[in-house]
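*Asks:* Here's a structure for you.
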Amino acid sequence: MTADLAQTHFRGIEKMNTLEDGTVHSASCMRTEGVTDRLAAGLLKLIMPYYVRFLFLLLCLILIAECRKHKSRKKRWSAPAENHKPGSPLSKKVADGTKSRKVKTTHLLRIDEHDFTMRPAFAGPAVPVGVDVQVESLDSISEVDMDFTMTLYLRHYWKDERLAFPSTTNKSMTFDGRLVKKIWVPDVFFVHSKRSFIHDTTTDNIMLRVFPDGHVLYSLRVTVTAACNMDFSRFPLDSQTCTLELESYAYTDEDLMLYWKSGDESLSTDDRISLSQFLIQKFHTTSRLAFYSSTGWYNRLYINFTLRRHIFFFLLQTYFPATLMVMLSWVSFWIDRRAVPARVSLGITTVLTMSTIITGVNASMPRVSYIKAVDIYLWVSFVFVFLSVLEYAAVNYLTTVRDGKDRKLREKVREQSQTLPCTCGMSHTRTMMLDGTYSEADVNSLAGYTRASMVAEEASEKQERMVVHLSLDNESTGTKKKGLRGFRIIQNTHTIDTYSRMIFPGAYILFNLIYWCVYC
């Protein structure tokens with residue numbers, strides 16, 4: 001009887017669950033309940049005592065309750081969105097149509113239906129391709145290699161009706177560089193470029209934007225190193241104009257018309273662009289046709305920019321040191337001519353320093369075949385330093401020659417003083433020995449001999465020596481002084497240094513005035 005009551009109770013519970021939930025239990029719960037019912041009935045009838053039957057019945061009730069709880073949890077998490085109230089946050093979420101719309105790009109743009117190896121409107125009029133450029137940075141200017149490096153955003157605009165697609169919102173679609181390989185794009189390259197590359201960190205810096213009517217925007221970020229023909233005849237007081245040229249490689253002007261999309265406004269630059277040695281004066285654009293004898297005419301676009309070099313760096317590193325070396329060489333004019341080690345070491349030091357400055361400047365410059373402005377200044381300064389060394393060489397030579405003559409003169413005067421009588425008390429008449437070795441000072445030292453005294457002396461000492469005496473009047477004396485005055489500068493080494501102290505600085509100052517007036 002107890003087993004019958006338990007079975008009746010189980011069936012009542014099943015009916016109640018079915019009525020409340022409107023569904024049946026899962027297959028696993030049903031199988032568990034059926035097995036439990038059969039085992040409970042058999043055991044209760046045959047073997048188990050009353051209290052064991054009661055415990056077993058309690059265990060079965062617990063298992064049934066767990067199955068019901070699991071089923072209610074599953075219903076709660078899988079409930080449809082329509083059951084939420086209108087004011088709940090979940091009711092405001094809009095479904096993402098792009099996730100449910102499983103359409104491939106190739107199908108939408110009909111890439112497989114066209115041959116994109118040919119340009120748009122093939123065998124028809126030229127395809128107009130607009131170009132604009134945004135200069136991100138001007139990285140470097142190299143005088144040795146005569147080139148420049150620039151990073152820029154290059155954008156192309158054209159229309160390809162093969163890429164048109166239906167759209168109700170008239171919004172464009174944006175793609176990365178993977179689609180570029182499947183469609184036609186302009187084959188623009190940089191003329192006279194040495195190196196160039198498209199940035200690829202963290203992925204290829206390429207953007208493709210397609211509009212519903214077939215208009216295409218193709219943008220890429222490029223760094224290019226191109227040649228720049230520089231004129232260094234006024235270096236470092238020069239201005240350089242460099243050009244970056246763009247051109248189609250395969251398509252002539254009959255197939256592709258390359259043009260600046262917005263004229264001069266097609267080129268934009270960053271205001272923060274700056275260079276250490278140059279001042280960027282202006283950017284501007286031009287365009288013209290380029291002709292190749294074997295292929296024909298091509299549209300070519302030009303990006304021109306003018307650079308003016310900063311002079312202050314070269315004033316500190318080149319001009320001021322060279323000027324100081326020239327001024328240092330003038331110090332030897334105030335040093336005693338007999339201080340040979342001091343004047344020689346000073347001259348050699350300035351010459352070697354000037355040589356080092358010239359070598360350092362030329363090491364950072366291309367080996368051009370013409371003279372630069374800095375070469376003129378440095379070599380003129382080198383000549384001034386070298387002339388100061390030659391000036392001391394001349395002074396030292398003349399000093400040596402004069403000292404030798406003075407030594408011989410003193411010896412002869414000493415010999416004559418031993419044979420000549422005393423001239424004390426004689427009148428002051430200028431005399432000169434006719435052996436050709438006496439100077440004006442030596443002639444003055446013999447003054448005081450009169451004609452009468454000389455004749456008397458000749459008569460008394462005729463057998464011992466013969467002295468020819470000549471009296472000089474005022475006219476002959478004046479002529480003698482004029483002849484000797486012309487050689488005074490050469491004979492007096494102090495006078496050479498005195499004139500050098502004025503001539504060298506004056507000539508160098510005049511050279512600087514002319515130099516800076518011509519090149520500035």
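Each position is counted from 1, following the chain as shown.
Placement of Cβ uses the backbone N, Cα and C atoms for every residue, glycine included.
All TrEMBL annotations are machine predictions without curation.
Feature annotation from TrEMBL assigns domain 'Neurotransmitter-gated ion-channel ligand-binding' to 111-310. Annotation source TrEMBL lists domain 'Neurotransmitter-gated ion-channel transmembrane' at 318-516. Feature annotation from TrEMBL assigns region 'Disordered' to 75-100. Among the features that TrEMBL reports, transmembrane segment is placed at 50-67, 311-332, 344-364, 376-395, 502-519.
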*Asks:* Who are the chain neighbours of the transmembrane segment (344-364) in space, where the CB to CB distance is under 8 Å and they lie at least 6 residues beyond its ends?
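*Replies:* Beyond its ends, the transmembrane segment (344-364) has Cβ neighbours at 143-144, 318, 321-322, 325-326, 328-329, 331-332, 335, 374-375, 378-379, 381-382, 385-386, 388-389, 392.
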*Asks:* Please report, as numbers and ranges, the same-chain residues at least 6 past the borders of the transmembrane segment (311-332) whose CB is under 8 Å from any CB of it.
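*Replies:* Distal contacts: 236-237, 277, 342-343, 346-347, 350, 353-354, 357, 361, 374, 377-378, 381, 384-385, 388-389, 391-392, 500-501, 504-505, 508, 512.
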*Asks:* Looking only at the domain 'Neurotransmitter-gated ion-channel ligand-binding' (111-310), report the model's average pLDDT.
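*Replies:* Over the domain 'Neurotransmitter-gated ion-channel ligand-binding' (111-310), the predicted model scores a mean pLDDT of 92.
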